[in-house]
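Reading through the C-alpha cells given below for one structure.
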C-alpha cells in the first residue's frame, strides 16, 4: 500500500451495525396462543381457542393441528387437522364425532369445539400452526378439567369481592357527601336566621333612638311649661298676699 493512501478496511461503526443486524436482531417466528386452563361440565361442550401471530400473510397452505395427551398419559395423539382449506376430524379415537371446527384462518383462528364432555376427556390439548414460509415456532397448550358441575373460578370470586368492596366504598362516600350537604344547608339556614335577627335588632334600635330623639324636645317643653305655670302661680299668690296686707 502506498504511503498516504486511504485504508480500505471498513469503519468500526459500519462493522458494529453489520454485527447487530446479523447477530443481535431476533429471528421472527410464528407465535401460537391458547388458554392455560379451561373447565367444563359432564355432558356439556367447551371451545378450545387457538390463535397465532405471524410475520407473513396468511398462506393458502396454512395448517392447524390439535393433539391430545390424556391426564397421566405420556404420549399425545392427533385428534384434528386442518389443511388446504379442509378440516380432518378423527373418526376412530375417543373424540369421534365430537369435534367441531369453528376456526377461520383469515382471522388467524384455529379453534375447535368438543361436545358431550366426559371425565375421560381430562388432559392437555396442544395447538400447532404452520403458515408457510413461517413454520418455525412453539406450540401452545391448554389443560381441560371436566367436573360434574363447573366450579366458580377464583378470578370470578375475586372480581365479585372487589366489586362488593368498591360498592361499599361508593355507598359510604355518597352517604358522607349527603350528610355534609345537609349539614352545610342547615348551617346556611341558621346563618340566614341569625343575620335576619341582627338586622331586626338594628332596625328596632334605630327606631327607639329616633323615638327618643323626638320625645326629648317634648319633655323639655313640658318641663318649661310646668316651670312657667309654677312661677305664675307663685307670683299670683304673692300678689294676693300683698293686697291683703294693704287692706289691713
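Backbone N, Cα and C define each Cβ position, glycine as well.
Among the features that Swiss-Prot reports, signal peptide is placed at 1-29, with the record citing similarity to another entry.
What Swiss-Prot lists as disulfide bond is 50-127. Within 10 Å of the C-beta of residue 127 (disulfide bond) there are 25 other C-beta atoms, taking all protein chains into account.
Among the features that Swiss-Prot reports, N-linked glycosylation site is placed at 122. Around residue 122 (N-linked glycosylation site), the same-chain residues six or more apart in sequence whose CB sits under 8 Å from its CB are 70, 71, 144, 145, 146, listed in sequence order.
As annotated by Swiss-Prot, transmembrane segment applies to 154-179, with the evidence given as similarity to another entry.
Summarising the annotation, Swiss-Prot assigns phosphoserine to 210 (among others).
Annotation comment: Swiss-Prot describes 222-248 as region 'Disordered'.
The phosphoserine feature in Swiss-Prot is assigned to 226 (among others); the stated evidence is experimental evidence.
According to Swiss-Prot, the feature phosphoserine maps to 228 (among others), an assignment based on experimental evidence. A C-beta separation below 8 Å, combined with a sequence spacing of at least six in one chain, links residue 228 (phosphoserine) to none of the other residues. Following the DSSP three-state reduction, the secondary structure of residue 228 (phosphoserine) is helix.
The feature phosphoserine is assigned by Swiss-Prot to 233 (among others), with similarity to another entry given as support.
Look at Swiss-Prot and you will find 237 (among others) tagged as phosphoserine.
Annotation comment: Swiss-Prot describes 243 (among others) as phosphoserine.
According to DSSP, residue 50 (disulfide bond) is assigned to coil rather than to any helix or strand. Cβ neighbours of residue 50 (disulfide bond) (same chain, under 8 Å, six or more residues apart in sequence): 32, 33, 34, 64, 66, 103, 109, 110, 111, 112, 127, 129, 140.
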